[in-house]
Amino acid sequence: MSKVTVSKLLKMKEAGQKFASITAYDASFAALFDEVGMPVLLVGDSMGMVLQGHNDTLPVTVTDIAYHTRCVRAGATNSLVIADMPFMSYATKEQTLTNATILMQAGANMVKVEGGEWLVESVAALTERGIPVCGHLGLTPQSVHVFGGFKIQGRAPDKADEMVEHALLLQAAGIQLLVVECIPAPLAKRITEALTIPVIGIGAGRDTDGQILVMHDAFGISKGFIPKFSKNFLAETGDMRKAISAYIDEVAAQTFPADEHMFS
Ligand code: KIV
Ligand code: NA
């Protein structure tokens with residue numbers, strides 16, 4: 001795999017080639033993922049749950065993400081590395097610029113922020129200054145206490161329309177990738193078709209341009225339960241490299257996610 005850039009992902013979208021991505025938090029897994037050809041690695045604030053053992057992502061700090069971004073960067077040669085901006089680290093434009101700088105200097109190629117229209121100004125400010133941004137709509141886990149739980153989003157027609165509108169506003173502001181999480185498959189398809197940038201889904205059906213999984217879910221080792229939208233690829237293959245290759249291949253063939261992994 002040659003160096004992965006946003007332009008390469010855009011070409012894949014245009015060619016209708018579906019791509020996989022996965023979270024990574026350390027150099028060893030990042031190297032393994034990179035070796036088997038995983039184009040995108042996300043240093044996710046899901047680390048609050050899968051690494052730190054919390055019930056949500058809110059306790060994660062910029063220092064935590066920067067540390068793990070340095071670890072992932074050390075292991076990943078060609079994968080595009082996205083670093084999550086954690087809870088309240090992008091509440092104001094000034095904070096956003098300061099904290100995104102720390103994550104880029106830790107080795108990220110792009111930062112990811114959760115939310116819609118309210119982020120337009122920050123997204124434009126980052127992009128204008130040379131920091132590429134990935135958006136995140138739908139079930140945005142940093143807002144779990146506003147949602148009243150980890151619940152599927154965008155089911156009501158007005159909420160679905162609003163999400164499409166916010167996706168377009170973020171794209172106009174400069175985001176170069178968008179993650180959509182736990183939304184009905186038809187809404188994810190609509191957003192993917194409405195946007196010119198690649199859209200990556202998790203619990204969002206098989207019509208998005210890319211898929212993402214939390215690595216612990218893909219290996220079936222998450223504490224508690226495996227989400228409906230995830231799959232234990234290790235159980236089928238018995239080997240971590242083969243598991244990740246199977247995930248990449250099944251996304252490309254559009255056999256993952258299957259009907260049982262999506263919300264209608
Ligand atoms: O933190 C994370 O792992 C994420 C993905 C689930 C998209 O944001
Ligand atoms: Na996240």
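Start at 1 and count along the chain as shown; that gives each residue its number.
For all residues, glycine too, the Cβ spot is worked out from N, Cα and C.
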According to TrEMBL, D45, D84 bind Mg(2+), and the residue from E35, E94, E114 that belongs to that same site is E114
If you tally other C-beta atoms within 10 angstroms for each of the recorded positions D45, E114, E181, the top scorer is D45
Cβ neighbour count within 10 Å, max among the binding-site residues S46, D84, goes to D84
Spacing of the two Cα atoms, D84 (Mg(2+) binding site) and S46 (3-methyl-2-oxobutanoate binding site), in whole angstrom, works out to 9
Rounded to a whole number of Å, the separation of the Cα atoms of D45 (Mg(2+) binding site) and E181 (active site, proton acceptor) comes to 14
